Amino acid sequence: MATLPSHGLRSLTTARPWLLNRRPSSTFASLSSSSMAEDSAEAPQPSASKPSKSNKSYFPKRGQTLELLCESLAFKGKGLCKVADTGFVVMCDRALPGERFIGRVTRKKENYAEVTKLKTISPHWDFVDAPCEYSSYCGGCKTQNLSYEAQLSAKEQQVLELVTHVGMFSSKELESLDIMKPIVPCDIQFHYRNKMEFSFGSHEWLPTESLSEKQDGNESYALGLHAPGFFDKVLNVNKCLLQSEPANMVLAAIQDCWRDPQLGLSAYNVHSHAGFLKHLMLRTGRDVKTGLPELMVNFVTSSYKPELLGPLVDKISPVPEVVSIMNNVNTSIGSTSVGEEEYTLYGKSTITEILRGLTFQISANSFFQTNTRQAEVLYKLIEDCAGLRGDGSEVVLDLFCGTGTIGLTLAQRVRHVYGYEVVAQAIADARLNAKLNGIHNATFVQGDLNKIDESFGNNFPKPDIVISDPNRPGMHMKLIKFLLKLKAPRVVYVSCNPATCARDLDYLCHGVIEKNIKGGYRLKSLQPVDMFPHTPHIECVCLLELC
Ligand SMILES: C[S@@+](CC[C@H](N)C(=O)[O-])C[C@H]1O[C@@H](n2cnc3c(N)ncnc32)[C@H](O)[C@@H]1O
C-alpha cells in the first residue's frame, strides 16, 4: 500500500464547510468529459451554467453596462458573477468573491459573457492592501488584494468543483474516503519565484488613469511585464515582488541606464520587427558551497552585437550575486526567449540550485521548477504518494520528466528510473544532472508522448510506479489508453491545470464510455498545492491505485 501524503503543514479548512454546503448549480456543470479531443490534448473550457427558465431569453449586449455580484473565483482566476434577477453568468478578470461592481460586456460566448470591471460599488469580503504598486493592472499577479487565506480557499474550492463536475467524483466519496486533502499553502507569499522574464517594449503601456503621463522618444520605451492579454503592450516595472531581492537590484540597475540615448540601445518592436532588446530573463539559484543566492542575467536580443550590451554588463557585473551574464540571440520574429545562438558575456554559463539534496545545473533555457522552496514540498508529496519500498527493487516511469528532477530525486531508492520528455535540451540537462549527482540508474529518452504508438513500452520493464507531470493540456488519449493497458500498480499524477487533471482522472478511473474504454484506477488522494500565491495557478498531486 502506498503511504498517503503527509506534509505536516497547517490545514486551513479543517471543517471544510464548502464540502457540506455547496451550491447546487455550478459553472462547471456543463464541462463534460467528452470535451477531450482524440487528436489534441485540449483543456476543458469554462462554460456557464445552463440558463434557468427565467434567464433563457436573457443575453446582455456587447458594450452594455451591468451591476454584478462576484460569487467565486473560477477558471484562470476570473471572477464568476451573476446578473441580478436573471442568474446569467459573466466572467470578469480581477473581480473577487463578494465584490459588487459595475462591468461592461466586452465579449459574448456561447452561454456566458465576459466583462471588464468599471467601478467597484462595494469591495469583496477579504480585502487586503496589495503591497505591489502595479497589482491592479499588471498581468502577473491578479489576486494580491485578496487575503492569502481567501486565495487558498478559492483555489481549493475550484479544484473541488472541477473534480466533481469534470472528474465525476461525488463530493460524498471525496469526503468520506478522505480523498480530497486541504490545499498546502506556500509559506512565503512574495519573492518566491526563481525566474522572471521581462520584455522590452517600444511603447510603454499605461493604464487609462495614467495616460496623461505619456512620453515620447526613448522615454516611452518600457521594460516590464505584459498588460493582461496583450503580447504587444508592456507595462514598465521597476521592481517585482515575486522575484528575489538580488534580481530586483539588477532590474533597477538596468532600468537606471538602458534608455540613455548615448548607449544606442533600442527596444524590439513586435509589429515592425525593428529594434535590438527583446527580453531580460533573471534567474536566481544557489551557490552549492555557501548556500548564498547566485544570479544569471540573460539578455535576449534580435542580433549579436555584444558591444551594445557592454555598458549594461559593466553596470550589473559588480552586483555580488551576479555570476553569469548570457546573451541569447533570437533572430526570429516570434517572441520566444530561446535563442538560436547563446553567448556568455560574463562569468559562467550555468547557475546551480539544490533540490531535495541534489544539485541541479541550470542553463538560460533549461526548465526548472520556478518556486524552489515550494518544489521541495511538492516533491516530498510526490515521494510520499510514490510509496517506495526503499529496497531498490522498483522501477519508476517518469513521464514529462523535463530536466529529470522528479525521477532523479527518487532514483537513489529504486532499481531504475525511465524518463520521457519532448524537449531535447531538457533531456540533455537530465542526463547531465544524473551524472553531476552520481546517479547511474536513470535513463532519459526524448520523445513526444502525444505521438506514442504500439511500440511504446517495449524499451522499459513494467514500472511499479508511474509519475506523470504533463503541462497544461494534460495527457493525450493515446497515453491514457497506454496507461490503462500498462496497469502499473500506482500512478502519481502531478498537474498544473486542475481542469485537465480532473478530466484525466475521470478517464483513468471511470473510463471513456463513448470510446468503449474501461477505467482501471481508484483515486486514493488528491492534494492541491499552492506554488504561486497571488496568481490563478494551482498544482495538484494525485495518487491512483490499480483496482
Ligand atoms: C510541468 S513540466 C514537468 C517537468 C518536470 N516533471 C519537473 O517537475 O521539473 C511538463 C514537461 O512536459 C514536457 N512536455 C510537454 N509536452 C510533451 C509531450 N507531448 N511529450 C513529452 N513531453 C512533453 C514539457 O517540455 C515539460 O518539460
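Count begins at 1; order follows the chain as displayed.
For all residues, glycine too, the Cβ spot is worked out from N, Cα and C.
Record features (TrEMBL):
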| type | residues | note |
| --- | --- | --- |
| ACT_SITE | Cys496 | active site, nucleophile |
| BINDING | Gln369, Phe400, Glu421, Asp469 | S-adenosyl-L-methionine binding site |
| DOMAIN | 59-119 | domain 'TRAM' |
| REGION | 30-57 | region 'Disordered' |
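Phe400 (S-adenosyl-L-methionine binding site) sits 12 Å from the residue listed as 'active site, nucleophile', taking the CA atoms of both as reference points. Residues belonging to the domain 'TRAM' (59-119) score a mean pLDDT of 88 in the model.
Long-range neighbours of Asp469 (S-adenosyl-L-methionine binding site) (same chain, six or more residues apart, CB within less than 8 Å of its CB): Asp398, Leu399, Phe400, Cys401, Gly402, Ile406, Tyr493, Val494, Ser495. Secondary structure at Glu421 (S-adenosyl-L-methionine binding site), taken from DSSP and collapsed to helix, strand or coil, is strand. Within the same chain, residues at least six positions away from the residue listed as 'active site, nucleophile' with a Cβ under 8 Å of its Cβ are Asn471, Arg472, Met531, His537, Ile538, Glu539. Helix, strand and coil counts under DSSP for the domain 'TRAM' (59-119) come to 3 helix, 34 strand, 24 coil.
Look at the binding-site residues Gln369, Phe400 and count other Cβ atoms within 10 Å of each Cβ; Phe400 has the fewest. Sequence-distant neighbours of Glu421 (S-adenosyl-L-methionine binding site) (same chain, 6+ residues apart, CB-CB distance under 8 A): Phe400, Cys401, Gly402, Gly404, Ile427, Ala430, Phe444, Val445, Gln446, Gly447. DSSP classifies the residue listed as 'active site, nucleophile' as coil under the three-state reduction. Annotated S-adenosyl-L-methionine site Gln369, Phe400, Glu421, Asp469; additional same-chain residues within 8 Å of its Cβ mean position, judged by their own Cβ, are Phe367, Asp398, Leu399, Cys401, Gly402, Thr405, Ile406, Pro470, Asn471, Val494.
For the recorded site, Asp469 (S-adenosyl-L-methionine binding site), the DSSP three-state label reads coil. The record assigns Gln369, Phe400, Glu421, Asp469 to the S-adenosyl-L-methionine site; their largest pairwise CA distance measures 15 Å.
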